[in-house]
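Notes follow the structure.
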């Protein structure tokens, strides 16, 4: 009986892997490797095969106590069902956006949602400033408030061509098309060579 159940579970798992491969830029072999990586990541604090916000923040900044705006925003975008945990399917689908073959538009939309911390459908100056400060603090870097304000002002001067004090998705897409380096961190090169980078997860 146990053997039959085990085979059924393995068959279902293989179906899930095949489905994820068909929906993303990853091959079945690469999804297998990502599954091994996911299991390793989810076991950092407990073995429940889910990435909770606490685990996610621990992986990103090695600290579960300190609030991290960027970690919260990234977690929220991975957590597509908004149920407080990232499952393997959500993990793969979100990583797919960072794949080198993913479209610039998908990357731009993801980055836009990252900066739209209040989820209003547009980016406000205060949101950009908060994200800059958060990233600087996590990197243990310091910039004066006047320099940060100057960066924010310059960004809006370039991006907000409608001059209404906010950046909507259309303006954002125009901005990143003009300054493609803005999306540099939206591509993870090794996702195109997963089996070589993570050979220990091959089965």
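Glycine residues also receive a Cβ, built from the backbone N, Cα and C atoms like all the rest.
For 30-65, the entry in Swiss-Prot reads domain 'EF-hand 1'. Here the domain 'EF-hand 1' (30-65) has a mean pLDDT of 84 out of 100.
The domain 'EF-hand 2' annotation in Swiss-Prot covers 66-101. Same-chain residues lying 6+ beyond the ends of the domain 'EF-hand 2' (66-101) with a Cβ under 8 Å from its Cβ atoms: 16, 20, 23-26, 31, 34-35, 38, 49-53, 56-57, 60, 107, 110, 113-114, 117, 130-131, 134-135, 138, 186-189, 191-192.
For the domain 'EF-hand 3' (103-138), the residues of the chain that approach it from at least six positions outside its boundaries are 61, 68-70, 73-74, 77, 97, 148-149, 151-153, 155-156, 165-169, 172-173, 176-177, 180, 182-183, 186-187, judged by C-beta separation under 8 angstroms. According to Swiss-Prot, the domain 'EF-hand 3' annotation covers 103-138, on the basis of sequence analysis.
Here the domain 'EF-hand 4' (147-182) has long-range neighbours at 104-105, 108-109, 111-112, 121-125, 128-129, 132-133, 136, meaning same-chain residues at least 6 beyond its ends whose C-beta is under 8 angstroms from one of its own. Taken from Swiss-Prot, the feature domain 'EF-hand 4' covers 147-182, and the record attributes it to sequence analysis.
Taken from Swiss-Prot, the feature N-myristoyl glycine applies to 2.
There are 8 other Cβ atoms within 10 Å of the Cβ belonging to residue 139 (site 'Involved in dimerization'). According to Swiss-Prot, the site 'Involved in dimerization' annotation covers 139.
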